[in-house]
């Protein structure tokens with residue numbers, strides 16, 4: 001309702017009561033105006049009524065929600081089920097255009113505005129989480145693996161002679177498949193054991209760069225968040241190697257936004273050397289459904305190039321989910337979750353140490369891994385593989401999920 005509507009209402013209800021209702025609505029509108037003006041996550045989370053008002057106001061800006069709209073094209077935001085329409089708050093057009101996932105759609109001003117605001121809020125949170133010099137980012141409706149593939153495909157046009165990706169080993173299939181799917185040959189660099197930790201073999205990385213030649217290497221593909229006893233790569237040193245040899249550097253930061261240590265590594269790597277882009281999962285860092293990621297970087301034009309590499313329009317669902325979540329939490333709410341995760345990790349570490357010692361086992365000393373813990377299982381004896389499978393089954397039936405080989409446990413907020 002606008003001023004004219006409220007004025008008309010005063011002829012039906014006491015003007016004093018109408019003015020009170022008008023002021024209440026203005027308090028909602030004030031929050032929305034601040035969001036649009038500043039493009040930053042509000043400090044305090046919004047209530048659901050403000051959120052739903054905002055989403056409704058955006059949705060009615062899309063042509064499929066115009067009164068009397070007569071769409072005759074092939075893509076007019078038609079939805080057969082009212083339940084589906086409500087599930088998506090009637091944002092039906094998606095985001096982007098066929099040539100750029102970040103482009104504005106003429107038929108969908110509301111969805112386009114939603115996309116821009118979401119990317120702006122996510123950028124603000126990445127800075128808050130520990131990478132203040134990041135310049136650009138965008139939400140992409142693909143999980144981490146495919147988002148890494150998109151980065152590699154963008155680099156292909158810049159480095160047409162390249163066919164290798166140097167990759168310090170991490171035992172996760174999606175990371176490996178992201179390089180294969182892009183059409184490149186992963187050059188696996190085995191890690192070195194330092195105490196209980198598996199760490200980046202920097203000498204082997206540089207030796208391989210010299211052996212293959214910088215021009216034949218698409219990039220170095222490093223990792224922050226990982227399962228113990230593996231620890232985050234030595235990002236600063238890798239970034240320096242990449243800068244010295246003129247090789248791009250893509251970082252898999254899948255669940256690193258929630259870790260100040262992982263984010264600090266990225267910030268320092270960009271400060272002393274070269275990091276072209278870093279990719280993080282939405283569900284792991286923002287507690288939304290699986291299916292989205294954030295591609296971020298320190299060179300605005302390169303991040304724009306990646307967004308233009310995405311073929312066709314894209315689903316707005318991941319953007320809508322993270323927008324609702326961040327506005328509900330506010331920056332203070334998100335910081336509180338980060339703090340709680342750190343505290344829970346310390347608690348889990350101390351309790352696992354006590355438990356392992358009770359059974360003559362040992363919690364591995366992996367101080368460089370701020371997210372994952374590992375416990376030895378040597379007392380399982382000669383039938384270890386079968387016993388580990390049985391132990392995993394017992395944990396799962398007791399509602400303990402996320403355990404990996406050698407009882408590697410990750411701690412996420414939420």
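Just so you know, glycine gets a Cβ as well, placed from its N, Cα and C.
TrEMBL annotations:
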BINDING   75  pyridoxal 5'-phosphate binding site
BINDING   97, 98, 105, 313  substrate binding site
BINDING   271, 398  tRNA binding site
MOD_RES   284  N6-(pyridoxal phosphate)lysine
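All features noted in TrEMBL, drawn onto the structure.
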residue : record                              : contacts (Cβ under 8 Å, 6+ apart)
75      : pyridoxal 5'-phosphate binding site : 93
97      : substrate binding site              : 103, 104, 105, 313
98      : substrate binding site              : 311, 312, 313
271     : tRNA binding site                   : 133
398     : tRNA binding site                   : none
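Of the chain residues outside the substrate site list 97, 98, 105, 313, 94, 95, 96, 99, 100, 103, 312 have their Cβ within 8 Å of the site's Cβ mean position.
Burial estimate for the recorded positions (105, 284, 313): highest at 284, by number of other CB atoms within 10 Å. Of the residues the record lists as binding substrate, namely 97, 98, 105, 313, the two whose Cα atoms sit farthest apart are 10 Å from each other.
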